[in-house]
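Taking it in order: structure first as structure tokens, then the write-up.
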């Protein structure tokens, strides 16, 4: 069993963006390819949780396993994706990554995983005052908590965190760059993120 593994969540419908965000162009490739390049430089095992509509397209782009949600919980949001990844790869800790934060750096995963310890169920960054539960790490013991929530038709990350012993880490305390956490939900945000990148 690995100590650490990565789970990339690419199962959302991207309704506000107008097309699958995982496949949006970024620095000569796509969001999903760029994110995986960053993650696989730090983590030996990574799995992508994909929506069935784009699974084949994602598989052609990446060299890691691409799976769908566990059938019983299909479409139940990020909790379903996280638990599906946990079932696919056995590890002590899982670094979670959405497919719409293309600025993420391999440094972030190094910092995040250095903060893990057995006394905690989760390590969650707080960036500019906001919790970032989808750019976080979760111990494998939260798997049972997620199943319980899904069985009760509870789907929010906040409901999971309320049941966990969470280590919250402030971005400024760990030298995390706030730009790593910018997520792209609309075409306007996408254009701005590309402008910011070209101005660096």
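Including glycine, each Cβ sits where the backbone N, Cα and C put it.
Of the residues 100, 121, Swiss-Prot places 100 in the same GTP site as 9, 10, 11, 21, 69.
Taking a C-beta cut-off of under 8 angstroms and a sequence separation of 6 or more, residue 69 (GTP binding site) has the following same-chain neighbours: 11, 49, 75, 76, 80, 81, 84.
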